[in-house]
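Here is the structure we will look at.
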């Protein structure tokens, strides 16, 4: 698994992810890039879960973004609608965190779309650790979204054996 964290603060949204790819209890790769920019660099996305399933989610989501001119929420909802008709999509073992200037969302391999209550979201095996760390930093410091995402990912990597310290970080200022 992995850890992906997204933090939004002061007209900046950041998605950060570690680089570990595991097969069972074995580390297969330590420098994978699980965070990327989509739709003319206006949307950030990160994935956790099975790599093949995550790429399927990425591909489907990116096509929805193109179809709906980069409108994040509409694209996510339209992707979720596909779950009702496409048997292949129904059991993907992956999750996406996506964000643009207006919203941050979780898209699950079960077809759920969730908008987080706070200005942060974290998924993956180290997601709970990263979320707790990020929430504490959001509530008790003036750190930037970038600094909070980086520090919370470091903390998750110190605790979760399926998360390492290699980081890919993308930020969007608006």
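From the backbone N, Cα and C atoms, a Cβ is placed for every residue, glycine too.
Annotation for residue 2 (active site): spatial neighbours 17, 18, 20, 21, 32, 34, 47, 48, 49, 124, 125, 126, 162, 163, criterion Cβ-Cβ under 8 Å with sequence separation of six or more. The feature active site is assigned by Swiss-Prot to 2, with sequence analysis given as support.
Residue 157 (Na(+) binding site) falls within a helix when secondary structure is assigned with DSSP. Counting every protein chain shown, 22 other Cβ atoms lie within 10 Å of the Cβ of residue 157 (Na(+) binding site). Summarising the annotation, Swiss-Prot assigns Na(+) binding site to 157, 160, 163 and lists sequence analysis as the type of evidence.
Excluding the listed site residues 157, 160, 163, the same chain places 3, 18, 20, 125, 126, 129, 130, 153, 156, 158, 159, 161, 162, 164, 165 with Cβ atoms within 8 Å of the centre of the Na(+) site Cβ atoms. Every protein chain considered, the tally of other Cβ atoms within 10 Å of the Cβ of residue 163 (Na(+) binding site) stands at 29. Long-range C-beta contacts of residue 160 (Na(+) binding site), restricted to its own chain and to partners at least six residues apart, with a cutoff below 8 Å, comprise 3, 125, 126, 129.
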